[in-house]
Structures are given as C-alpha cells and as structure tokens.
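Look at TrEMBL and you will find SER16 tagged as active site, nucleophile. Marked as domain 'DSBA-like thioredoxin' by TrEMBL: 8-210.
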Amino acid sequence: MGRLARIVELYYDVLSPYSWLSFEVLCRYQHVWNVDLQLRPSYIAGIMKDSGNRPPAQLPRKALYMVNDLRRLRQHFQVPVQVPEDFFSVVFEKGSLSAMRFLTAVCLECPEMLEKVSRELWMRIWSLNEDITEPQSILTAAEKAGMSAEQAQEILGKISTPKVKNQLKETTEAACNYGAFGLPITVAHVDSQTHMLFGSDRMELLAYLLGEKWMGPVPPAPKARL
C-alpha cells in the first residue's frame, strides 16, 4: 500500500526562469514521489519589494553569470530556457503582473488547466522570445494550452476583479510569510513540519526531506502498477 501523499507547494512567477526549472522537475516527480503538488502563482516584484532584495540582473556580474548559468541548465534540466533578446525591457519594464493575475484566475476558475497555461507562458517569454503582457499574448498561450477561446476570454475578463487581485496578493504574502526573498520557493509539509527551500537547486534536499530518492532532473517514468 502506497504512502499517503505529502503536500508540496511551489510558489512561482513566470518572470523567473528558475521557477520554470523547479516547476518542470516537480511536475515530473509528483507521481514518482507521490506528493500532492500545489501550484501557487505569486508576484515576484511584490516579494522583492517586501524583502528588500534586488534582482540578480541588476548586478552586472550576477547578470553575466545568470546568462551562462541558464545556458548550462537548459541542457541539464532539459527545459528549453533561453534569455529574451530585450532582457531588461522584458523583466524590468513589462513585468508579469497581468500574466500572474491571469494564472491566479485560472487557478480559481479551472485549476486543472493551471499547469499547462503556466508552461505556455514560460515558453513564450523564456523560450520563444514572445510577449506575455498584452491580452492577445495571454489568450494565445491559454488557447495553446488547450483552453477554448471563449473560456480564455472569460477568464481574462476577470483579472482586474477584486477577487483575483486579492488572491494574488494573499498568495504573494503567504510566500513572504514563509520567508521568501525571491522565487521560486518550494514549501514541503512533511510529518507535521514545514520546510521552505529557495531556488531550483534544492531538489536533492527536497528528496531527502521527503525520504525519497533523487534521480536527477529528468527521472525515469514511473512504471504502471497492475
């Protein structure tokens, strides 16, 4: 008889490429480790402001390291991440508020679509060098994820409602309360204990905390049970 699923929360923003790496690894491992993966769309700008942190791209040496780091991680994680051509405009001028409100609305209205829509938004900004701020860009990502045009339009129409704004604010504040100073953070609830891990490079430690085996960022597919 299998072990009861443990809860693992991923707080993320599609503006963060490292969030994408954590997202894909956790999506791959959720059934291997039998965890209840709960996706938490958050707003990274709010977390940075609340914690007094600065984005690594604002420091030249960190920015250069990040470009090279993502190039290596692309191969290692098998996630098609690459830096947008107009990086500073994308990250510091356009941001991700509309996209994260849309994902918050998706989480509220049709949570079964959240994984796929999140992935398509990451693909646009961090792989295809495409926009995620304009309404049509968001609709295109949602439809590519399998959402009907009507459903996508209906959800887009809700991103400015108090319900959606407040939910994104509350999720972001929850991340801050766990001690977040950036994203991604993974919060594991194991044996009545809560562990907050920052970054995409703590998955081996997460496996240890869960009492599970780490098999690299791309684990073998779990075998079907009879």
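Quick reminder: no glycine exception, Cβ is built from N, Cα and C everywhere.
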Over all shown protein chains, what is the count of other CB atoms within 10 A of the CB belonging to SER16 (active site, nucleophile)?
23
Would you report the average pLDDT that the model assigns to the domain 'DSBA-like thioredoxin' (8-210)?
96
